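Chemist: Supplied in structure tokens, the structure appears directly below.
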């Protein structure tokens, strides 16, 4: 029976030459274009997409010009007409084949496993599950891209095999500016995963909790569902192997670990010692300088995987919300289905307190 701890994680890095994503090795997440947004918008939707693209700026700026409070002032009739137009382009409530959506009530909650890979291609490797905790208000292409960057690094630098990836949006008790209701954020994450990925899932458990839930408890929840209830991965001989569960984190989450009073030492020891963390590094920065200055993170450096961002990407949810309030285009910053959802429910139109938008950090931003 394999055990998951910092020592065997550090020993999981291979001595063999690096694997290539395009190599004959089968340790590669299989991708499908079945739910690709490009395919959704071809043929019968192409003309409507073009019409919507032309229409969008005038619609976005209409409420801005008529409002003095920063919120929408478009008439109810016009908003209903806009929603009807969007509904013709894409049915956001249509659930693609094989997809299970999350419940809105905790007593109806079921752990999502419809895309969980139940076997290892290479049984000599450690099964890995990545969990991204955050606001996702809204989810952007960078949030999705972080999982892809992690996939490359894990495949090339470790002896682990990725079997699942999860988004875990925070609940409404996490008091932060610009936080849309949890059920909206969960649904936007589901739309993003359903229509752009063949392996990512959304878990609503954290968002359904009656009070703020710390990250350490969220990771315990995944360990309970995957390893304690399911036994992990079933090998070809019928035996079970527990999955390594790691936190996939960006800038605000990790940088906050170095701020006094934000995280308890007990939680940091639990997260970094029992589970581990994948940190997405900002292009041109040195994450190890930060780890060197943090006693607890340095102590668990063998259980931390640094993911370099080879193509600079600074999309943030904060900037997306700002663009929406200013009536600017957010196309190509987040999936089309998420954009349509935001417009359908008129999200992120309310003014937010003035703050620094262009945040500088050695890490990629995960929050807000």
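Residue 1 is the first one shown; counting continues down the chain.
For all residues, glycine too, the Cβ spot is worked out from N, Cα and C.
Taken from Swiss-Prot, the feature region 'Disordered' applies to 1-25, 47-78. Among the features that Swiss-Prot reports, compositional bias 'Polar residues' is placed at 1-14, 61-72. Per Swiss-Prot, the feature phosphoserine maps to 36, 75, 85. Swiss-Prot lists 135, 136, 215, 250, 252, 263, 282, 313 with the feature NAD(+) binding site. Marked as ATP binding site by Swiss-Prot on the basis of similarity to another entry: 143, 318, 319, 320, 321.
Distances, neighbours, how buried they are, the whole picture for these features please.
Modeler: DSSP classifies residue 135 (NAD(+) binding site) as coil under the three-state reduction.
Neighbours of residue 319 (ATP binding site), defined as other CB atoms within 10 A of its CB across all chains, total 18.
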Chemist: List the Cα distance (Å, whole number) between residue 250 (NAD(+) binding site) and residue 143 (ATP binding site).
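Modeler: Rounded to a whole number, the Cα-Cα distance is 9 Å.
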Chemist: Relative to the Cβ of residue 320 (ATP binding site), which residues of the same chain, six or more apart in sequence, are found under 8 Å away?
Modeler: 138, 140, 330, 333, 334, 348
Chemist: Under a three-state reading of DSSP, tell me whether residue 319 (ATP binding site) is helix, strand or coil.
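Modeler: It is helical.
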Chemist: Count the other Cβ atoms sitting within 10 Å of the Cβ of residue 135 (NAD(+) binding site), across every protein chain shown.
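Modeler: The answer is 22 other Cβ atoms.
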Chemist: Quick check on the binding-site residues: of 136, 263, whose CB has the lowest count of neighbouring CB atoms inside 10 Å?
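Modeler: Result for the binding-site residues 136, 263: minimum number of other Cβ atoms within 10 Å at 263.
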Chemist: For the C-alpha pair, I'd like the distance in angstrom between residue 313 (NAD(+) binding site) and residue 319 (ATP binding site), rounded off.
Modeler: 13
Chemist: Is residue 282 (NAD(+) binding site) helix, strand or coil when read with DSSP?
Modeler: coil
